[in-house]
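The compositional bias 'Acidic residues' annotation in TrEMBL covers 210-243, 259-274. Among the features that TrEMBL reports, compositional bias 'Basic and acidic residues' is placed at 244-258. Taken from TrEMBL, the feature domain 'HTH OST-type' applies to 7-80, 129-204. Per TrEMBL, the feature domain 'Tudor' maps to 375-432. Marked as region 'Disordered' by TrEMBL: 100-122, 209-274.
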Amino acid sequence: ASQQVQLMEVLKKEVRAMLIAAKAGLTPEQLEEQYMAMVCKPLPLRDLGFQSTLELVTQMPEVVRICSKNGTLILKAIADDSTKGIAKLVANQKVKTRKTSKKTATKANATFPPKNSKNPQSFQTLSARTPVLPATVKAELQDLLSSSPLLLADLGKAFLRRFGRAFQYRQYGFLSMFQVFRSMSDSIVVEQTKAGSLLVLRKYLASTIEQEEEPQGEAEEEEAPQGEAEEEEAPQGEAEEEEMPRGEAEEEEVHQGEAQEEEMPQDETQEEEMLQGEVCHFPLIPLQHQGFEQFPLTPEIPPDAVQDRRLCSLPPLRRRCLVGVIVEFAVSPSQFYIRICSTEESNKLQNLMFEMRHVYSHKVASDKYIMPESAVRPGQLCCVMVSSWWYRVIIHRVINDQEVEVFYADYGHLQIVQKSSLRFLKWHYLKLPAQAIPCSLAWIKPVEGTWSSSAILLFKHLCRFKELVGIVDEYVDGVLYLFLCDTSAKQDVYLHSVLRDMGYADVCGENIPSQEFEELNPSALYVQPSEKQGNAEVVEADLRLQLESQDADSETATLKQDGAE
């Protein structure tokens, strides 16, 4: 009984924190999803003797207020004395984003305190920005539209059918589906038709226009034989052949006398043409009735397989510059990984994911890059498949005969995977630097010596699924120390200030080396510094929102005294 009481008290704090962070509240189902995402285990309903989430929250009258909106139950937080400040900040979040020109949005101005100042809160207001979708979700939406355009009204069902889960856009901070696709206007177009709003992939639209303009003979050379080209006009349902069992899919794809590409089936070729706007040319080899079993797999390692090379890191950012970032993975305020949020860099990573899926998803190509046991060793750069997508990883340690722990070079986290899901990385995929940057919040330290679970949970909520503005301070032992600012509210919210105001952190005016990164920093172990890292003059990265500050003396004179501690 005492254990249940303790568990209930901890759960009340966690539930209150999650609901406070959601301005519009959460449905019981959304609360279950967010708890699973943040704590990495389901709500302990059975341990506490409850049958449902709704039954659980009814026993928390001092924590949860149950409302009804359009027939849907909404759970909202009841703030206590320790969380009133956070609740006020969330309540001030904007419902509508301001329309600003690209020129204005990319020239956010800030002032920077001198190094000795203990008032890192005194920055000028930064321009507000809209929520952002994770790269994997963007890739899934583009993949869904790669076969054919789709009515907005049918998107929910199509997403659920393809990926096995509902498209919960609200958990990423969006208020409507139209806001989602406005944020993806560089890749998806919303056209108005008599049947309703139609979602069209821009590259699909471009390839269609090119097909209409090209002479018939040239179009046939670029795309496919006439008989196969007709498959492109098939109903949308046929685009789901990818989900068929492999045996059935191969029977559909292999026909007598038909020329097929060695490393991909025809339906994936069409998918890549629509997504990338160009055809990846592979040697054509005729297949017989027996299918791919006609081609024996060679035990030799392919010449384009990466064996003794490492990924490079991104060039270091200049001190005092501003940069849009997404926190991809967080352990604590002293140990987290960010990814630069610029259109160019995001497109490069998405294109890499599409191309890797395009190549490795076919059995012949995938089997060609199977790693022998001798190659499965710590430090080996390779790739792994997770939920039909391929990611660049480095083997961190071998667990047993079947499992290894890998480090995701573009996202920053460690995960245990099956050896059988590993493949050699093609040499071509070395070009893009590792996108994950190890970071710590600047100028703060935990009050209790180590970060409490409440402080960690709050930090994760403050930066989850948001595009933040990072203000670069310095690098210490390969770790980037920076301030993080949420500009989606009426007033800019600095994350270190929130942790201080909640009593979780002290502002110390200097950067104390992260104890967590001292114990383990996979990025420092496996990713080699950029060639520009050792140069005396650091070349400023060409990133959106990056801005060199003015001279420190002139900035000190313009600091606002209102925010001084």
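Using N, Cα and C of the backbone, Cβ positions are placed for all residues, glycine too.
For the domain 'HTH OST-type' (7-80), the predicted model reports an average pLDDT of 84. Counting residues of the domain 'Tudor' (375-432) by DSSP class, helix then strand then coil, yields 8 helix, 31 strand, 19 coil.
Helix, strand and coil residue tallies for the domain 'HTH OST-type' (129-204), in that order: 35 helix, 14 strand, 27 coil [DSSP].
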